[in-house]
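In what follows, a single structure is set out as structure tokens and then discussed.
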Amino acid sequence: MMRQATMDFSTPSVFDQQRGDSSEEVDLTMVYQAASNGDVNALTAVIREDPSILECCDSEGCTPLMHAVSGRQADTVKLLLKMGANINMQDAYGRTSLCLATYLGWLEGCVSLLRNGAKHNIPDKNGRLPLHAATAEPDMRLLTVLLQQSNISEINHQDNEGMTPLHWAAFHNQPQHTQMLLKKGADPTLVDKDFKTALHWAVQSGNRILCSIILSHHQGPSIINYDDESGKTCVHIAAAAGFSDIIHELARVPECNLQALDVDDRTPLHWAAAAGKAECVQSLLELGMDSNLRDINESTPLAYALYCGHTACVKLLSQESRTEPTRPPPSQSSRPQKKERRFNVLNQIFCKNKKEEQRAHQKDPSRDRYREEDTSEVNDIITTFDSIVGTNCQEQPGDQVAMVEFKKKTSDNSKYLLPEKKPLARKGLPPIRTQSLPPITLGNNFLTASHRATSHAGLSSAPHHMAQRSQKSRSEQDLLNNRTGCQMLLDNPWKSDSNQVFSYKVWTVSSSDKLLDRLLSVRPGHQEVSVPPHLRHLHNPSSGQNFQHLSPNRHKIRDLPFTRNNLAPLPDQKFLSGEPLRTNRVLPAIPSQRRHSTAAEESEHSANPTSDEN
């Protein structure tokens, strides 16, 4: 009984089946190795025993034919094709044997597969044809072979990223491939999913010859102002990347708009200044670009150059601002306007008296004989200030002289002047001495809203939207602020607001100034002049509101964190695989308040408590 109860292991069991499965896996592995290594004899013997091995796939869906292509085994490929291998079978990524051969740049294998009936119009899971992959290879023959088999629709086929073979040729910096595709009918006006044309990618590659090839196409000039998803044109990309030679190449096209605006109203000059590309800044200025255009933050290119600390760009932009001529308003006469002096009001009064006497003298010359010299104190005052007013007593346009009549009181006391009808409207302002731009340091980034010169007529108009021509350094402003106590002690008719910066002459009062103060019994209202703010961030006013200049004594100032915008959001991979592709070039970071959260602002505010004291 005990013998019958013993278990019999001689019969086949599950272990024997598993052992058989493992042996089959080992056989397939040997087949794949023989195909990739070119072992024709071993591969032939195995396939003769079981022809179904030709259709077997590994974990990635690759057949023995694909392994032979990966190993660049031409004889093995021919053998497998003769034995009946499926030439158009796709792997797990949708790639055929021809697609793999093209990715590898294997010209002999591609020719062999095409001659044996391989289809060149089967896209992979990324939507790319073998023609897309051929643009990455420096050998032109591979692309030429595929173009001979392709029609127009296949040449302009767009992958899942919306990129055509022409896009990829420009992306891979292949001028000859680009020229060949254009000759075969590639459309340069097609855009990818980011609204980029092939010219955008050519500009990013930094190859001027490649850009000129696309622009020489009959449709090239029509795409020069195409903007991508962020509103950037080819000029924006060239300026941000520092390709000044490409900027000149693009500017040769008459349709090129050098002052195109992106979604944040930034010009190419804004991006060049923010990126610190001095050569591009100089090139754009030489091409006549306006340096005073503002973006949505009311910031000029000079403001971004100051903010980012690019001194070379600051010098170029500040020189451009200083060399701009001050143009009078259209209503003014064409005669050059005279500068407003401190004694301009008194000068207009006395000059009017002189002109009236000159006109009367011209009408009646005989009056000169019997006329006695006027020894009044008014004439003494005229003589005293002749040396000060200089040439201001020359004839001025009649519409610029205030028509005010005065009553003269003849008494032994000192004479004074009173307005008869209305107060005298002062047209000038005390002189504001322009200073050079402040030095750029890491801890002191000044912003200036604008450096455009404004005439005195413009200062008398309603709300100001532009700052003064230049801006004092912080040390000099502190020095002037310490003198405000002395200013309040002076009985000065030109009393200014605490935010206004005057020249050094305002702080010293002579005897002639005191005499002038006694003469002006009715003081005209003072007009305020906004001073460029010393801000460490770019102010972004809400939409629909005018830009207002902030006082230097503002209590709360928030620093904006830097943000970066990727210039090439395409997948980065070797042989154009499914992994995301990255580019080396990133556009400069210009802070924008559109994407900043409140938490980020509060954290930046707490990290920089000293900025609130400014």
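In case you wondered, yes, glycine gets a Cβ from its N, Cα and C as well.
The shown structure was predicted, so the numbers you read here are calculated from the model rather than taken from an experiment.
Quick look at what Swiss-Prot lists:
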| type | residues | note |
| --- | --- | --- |
| COMPBIAS | 7-16 | compositional bias 'Polar residues' |
| COMPBIAS | 354-373 | compositional bias 'Basic and acidic residues' |
| MOD_RES | Ser475 | phosphoserine |
| REGION | 1-20 | region 'Disordered' |
| REGION | 319-339 | region 'Disordered' |
| REGION | 354-375 | region 'Disordered' |
| REGION | 454-476 | region 'Disordered' |
| REGION | 564-614 | region 'Disordered' |
| REPEAT | 26-55 | repeat 'ANK 1' |
| REPEAT | 60-89 | repeat 'ANK 2' |
| REPEAT | 93-125 | repeat 'ANK 3' |
| REPEAT | 126-157 | repeat 'ANK 4' |
| REPEAT | 161-190 | repeat 'ANK 5' |
| REPEAT | 194-223 | repeat 'ANK 6' |
| REPEAT | 230-260 | repeat 'ANK 7' |
| REPEAT | 264-293 | repeat 'ANK 8' |
| REPEAT | 297-326 | repeat 'ANK 9' |
Cβ-Cβ under 8 Å with the repeat 'ANK 5' (161-190): same-chain residues at least 6 beyond its ends: 126-127, 129, 131-132, 134-136, 138, 140, 143-144, 147, 150, 152, 155, 196-199, 201-202, 204-207, 209-210, 213-214, 217, 219-220, 222-223, 226, 570-571, 576
Spatial neighbours of the repeat 'ANK 7' (230-260) far in sequence, C-beta under 8 Å, 6+ residues away: 199-200, 203-204, 206, 208, 211-212, 215, 220-222, 224, 266-269, 271-272, 274-275, 277, 279-280, 282-284, 287-290, 293, 565, 567, 585, 587-588
Intrachain residues whose Cβ lies under 8 Å of the repeat 'ANK 6' (194-223), provided they are six or more past its termini: 162, 164, 166-167, 169-171, 173-175, 178-179, 182, 187-188, 229, 234, 237-238, 241, 243, 245-246, 249-250, 252-255, 567-569, 583, 585
Distal contacts, the repeat 'ANK 4' (126-157) - CB-CB under 8 A, six or more residues away: 93-94, 96, 98-99, 101-103, 105, 107, 110-111, 114, 120, 163-166, 168-169, 171-172, 174, 176-177, 180-181, 184-187, 190, 575-578
